[in-house]
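Below: the structure, in structure tokens.
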Amino acid sequence: MNFNYHFIWSLVILSQISQVQAGFGDPREALAEIQQKHGKPCDCAGGYVSSPPINSLTTVSCSTHTAYSVTNSLKWQCVSTPTTPSNTHIGSCPGECNTISYDSVHASCYNHYQQCNIGNKTYLTATITGDRTPAIGDGNVPTVLGTSHNLITAGCPNGKKGQVVCWNSRPSVHISDGGGPQDKARDIIVNKKFEELHRSLFPELSYHPLALPEARGKEKIDAHTLDLLATVHSLLNASQPSLAEDCWLCLQSGDPVPLALPYNDTLCSNFACLSNHSCPLTPPFLVQPFNFTDSNCLYAHYQNNSFDIDVGLASFTNCSSYYNVSTASKPSNSLCAPNSSVFVCGNNKAYTYLPTNWTGSCVLATLLPDIDIIPGSEPVPIPAIDHFLGKAKRAIQLIPLFVGLGITTAVSTGAAGLGVSITQYTKLSHQLISDVQAISSTIQDLQDQVDSLAEVVLQNRRGLDLLTAEQGGICLALQEKCCFYANKSGIVRDKIKNLQDDLERRRRQLIDNPFWTSFHGFLPYVMPLLGPLLCLLLVLSFGPIIFNKLMTFIKHQIESIQAKPIQVHYHRLEQEDSGGSYLTLT
């Protein structure tokens with residue numbers, strides 16, 4: 001009998017056991033979640049701070065600001081680069097600068113700077129407000145003066161906080177000032193030299209007056225941008241079909257800043273794939289290095305002449321090994337990046353070609369467009385009557401493209417997994433390299449349309465959020481992004497047009513309604529106040545009645561309690577032999 005009871009209870013207990021998985025799950029999925037939460041460097045998910053964080057893992061230059069990956073939160077915090085007052089040149093330098101001047105000062109050491117002169121030489125001057133120790137590279141980092149002088153990032157002058165100092169306006173070779181005026185001057189110098197090189201290799205064409213290329217209208221989208229979006233959607237459809245069949249692809253307005261991912265070293269062992277044959281020559285452009293840890297770097301020594309092109313040092317990664325182009329067994333050290341890749345050098349600048357006289361250190365990278373994804377299930381703020389009523393907008397959840405394509409998982413598996421994934425994105429990276437300038441102008445045209453239509457909206461006092469091209473409809477403007485709708489068949493070019501038609505139909509219904517257009521058009525402005533006014537009116541009207549009813553009920557309950565008589569209960573006590581009868585009161 002006991003055996004039967006034990007058997008029955010064992011079955012009951014086993015039926016209540018549920019399957020669980022021990023451990024912390026797939027670390028690659030965790031990495032993808034972390035990177036989606038913290039975002040891309042230039043998105044500044046950690047916000048803007050006045051001074052650089054004390055402890056950071058890496059630094060990425062974003063033109064107008066510098067992003068720092070903070071160790072305690074891993075979110076990217078940004079610091080705006082110093083600005084120049086309206087009067088940028090103050091004439092002679094302060095007296096303190098006549099005794100000592102510095103080669104370079106980091107941009108985080110001051111808030112504003114100006115130009116001044118000492119003799120016939122131009123310097124930069126500012127009041128030091130911060131403290132920063134110069135960044136020293138590893139012992140094998142190639143520099144101008146050898147491995148014993150391996151300074152790669154400038155610092156603040158020691159003991160000069162609160163004092164005025166001066167430093168050279170011309171950038172120091174291979175030394176970065178953290179995105180300050182010297183780094184900007186270096187970019188200008190390099191861009192000019194590449195423009196001269198481009199003109200010498202590709203002379204400008206003179207068009208016949210009757211054969212000028214047709215100007216692209218502002219209501220049309222550039223074919224390069226459409227091809228890029230189509231390629232992105234094709235890859236997304238191959239990796240996550242459920243997401244690709246109903247989503248929005250959002251491009252950042254303004255100049256594009258693509259993501260730079262580590263290039264698969266197995267495809268270019270010891271940089272044997274580099275060559276000096278003809279390759280597309282594009283101007284240097286800014287990228288966002290992503291997931292760079294230990295990299296194989298290549299460098300060329302400084303020749304100490306005026307013909308050298310200083311591309312800077314790749315300070316965003318730790319170079320585990322170096323390939324010296326200067327001593328390579330080649331007739332020259334000019335290099336072409338392998339197909340679908342670029343050289344990423346100092347200041348996060350990307351190059352498709354490095355001429356013979358280049359100097360600095362670079363890494364190979366594959367590009368990925370800076371595109372965010374909005375799932376179709378995510379409600380986007382298409383204007384409706386609730387926008388006229390002042391309904392608060394909901395934040396849009398954006399998914400970075402590298403998360404949607406599963407690139408973070410591939411990167412975390414190492415070189416082999418990355419190689420398999422990056423090979424699939426070769427076409428996309430090559431297309432992005434070729435069309436980065438055209439895409440920039442296209443999105444800028446769209447941004448101009450957004451700004452122009454925004455002025456019209458404000459002038460007409462219409463609370464429209466759908467800011468698109470006036471003819472045909474191009475994209476949906478969301479959070480300074482230009483979003484294109486896509487389904488399983490590809491990019492839907494008439495999606496915005498349909499939304500516009502629906503919006504116009506609803507707007508006409510409101511306009512034709514005499515209730516909405518009464519009071520000389522002031523009703524749309526009064527409607528957001530009607531809710532609070534109605535609530536206040538209800539409180540003032542029914543509040544006293546409810547209060548009186550409540551007080552009456554409480555008073556009645558108190559009176560009923562007081563009116564109850566005190567009931568006295570008697571019972572006979574137990575009698576003992578020697579006692580008599582007693583009564584007790586309870």
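Cβ coordinates come from backbone N, Cα and C, glycine included.
Given the ranges 35-71, 109-145, 183-219, 479-515, the record in Swiss-Prot names 479-515 as coiled coil. Ranked by CA distance from CYS247 (disulfide bond), the glycosylation sites ASN237, ASN264, ASN357, ASN487 have ASN487 at the top as the closest.
A C-beta separation below 8 Å, combined with a sequence spacing of at least six in one chain, links ASN120 (N-linked glycosylation site) to none of the other residues. Reduced to three states, the DSSP call for CYS250 (disulfide bond) is strand. Packing around ASN357 (N-linked glycosylation site) is summarised by its Cβ count: 18 other Cβ atoms lie within 10 angstroms of its Cβ, all protein chains included.
Residue with the densest Cβ environment among the glycosylation sites ASN264, ASN318, ASN324: ASN264, by other Cβ atoms within 10 Å. ASN237 (N-linked glycosylation site) carries a helical DSSP state (H, G or I). The local packing around ASN339 (N-linked glycosylation site), expressed as other Cβ atoms within 10 Å of its Cβ over all shown chains, amounts to 14. Reduced to three states, the DSSP call for ASN264 (N-linked glycosylation site) is coil.
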